[in-house]
Amino acid sequence: MTHILPLLVFTTLAGTAAGAYAVNAVRLPQKGAQERAWLFPLVCLVLLGVGLLGTLAHLGQPLRFINGMANPASMISQESYWSIAFGVVLVVDLALCKVKGNAVMPLRWVGALVAIGLMVVTGMAYFMSLGLEAWRGAATVPLFVVGDFVLGAALCALFADEGNRRAILVANVVFAAVWTVVLVAFGLYLGTVALDATPQLVVAGILALAGAAVALAALAGKLAEMPTSIALIALALVGVVVARYAFFALGMGA
């Protein structure tokens, strides 16, 4: 468990930041200043920063992180480059929001592309691990990318304004449905290599469907905003962590 925890911390927290930033970037810019527009990039920056601490814990020594960046072709270098680029965007976004009082949408769009790049590279880092059959399936990259979108959409529900709330709730339903399909695909792949994580994947799938049900209830006006946001974040977080723990445990022999 101790060697899996740093990987869970990085992929979950940094993935939440990346997924939320990508989801948020497709919203329509709202008229007028937003007094707390800076809060969203700040939260994403904190999540990314804590997630990167998980990477350092996984490597054991900070110098290994620096040495790993010396080889541009390595996947840890790619993760580092994309993480740094995403962090720079978040810092600039935070500063501009604090000064202007509103988000600069072109920057958010660029940041969304960087965030998606980070999500894809993270999934590819595990897919390209040699000798680990559990990680070599076609569902590995979607397991990270779609999982990050599930986490990000849930976080965005907490920051959504009246003009975007319905769209964010719909996004939660859509990503939950796609996530369920990815979980099934990953489970089927595991069966082809004589591995099994059915209990964990079933739990993750049930939590995803529960999240979709919460979003649908909110769309129907049956749930208030704050309870909806808290429920979506909790269900997404637990579901994705359960699935990723199974993924890491199978690959690392935990």
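Placed from the backbone N, Cα and C atoms, the Cβ positions cover glycine too.
Quantities reported herein were computed from a predicted structural model and do not represent experimental measurements.
The transmembrane segment annotation in TrEMBL covers 6-26 (among others).
Residues annotated as transmembrane segment in TrEMBL: 38-60 (among others).
The transmembrane segment annotation in TrEMBL covers 80-97 (among others). Same-chain neighbours of the transmembrane segment (80-97): 14, 17-18, 21, 34, 37-38, 40-42, 44-45, 48-49, 52, 65, 68-69, 72, 103-104, 107-108, 110-111, 114-115, 117-118, 121, counting only residues six or more beyond its ends whose CB sits under 8 Å from a CB of the stretch.
According to TrEMBL, the transmembrane segment annotation covers 109-129 (among others).
Taken from TrEMBL, the feature transmembrane segment applies to 141-160 (among others).
Feature annotation from TrEMBL assigns transmembrane segment to 167-189 (among others).
What TrEMBL records for 201-220 (among others) is transmembrane segment. Same-chain residues lying 6+ beyond the ends of the transmembrane segment (201-220) with a Cβ under 8 Å from its Cβ atoms: 150, 154, 157, 166, 169-170, 172-173, 176-177, 179-180, 183-184, 186-187, 228, 231-232, 235-236, 238-240, 242-243, 246.
Counting only same-chain residues 6+ beyond the ends of the transmembrane segment (232-252), those with a CB under 8 A from a CB of the stretch are 3-4, 7-8, 11-12, 15-16, 126, 129, 132, 134-135, 140, 143-144, 147, 150-151, 153-155, 157-158, 172, 179, 183, 186, 190, 195, 197, 200-201, 203-205, 207-208, 210-211, 214-215. Residues or ranges marked as transmembrane segment in TrEMBL: 232-252 (among others).
The stretch from 6-26, 141-160, 167-189 that makes the most Cβ contacts under 8 Å with the transmembrane segment (109-129) is 6-26.
Same-chain neighbours of the transmembrane segment (6-26): 40-41, 43-45, 47-48, 50-58, 83, 86, 90, 105, 108-109, 111-112, 115-116, 118-119, 122, 144, 147-153, 155-156, 159, 168, 171, 237, 240-241, 244-245, 248, counting only residues six or more beyond its ends whose CB sits under 8 Å from a CB of the stretch.
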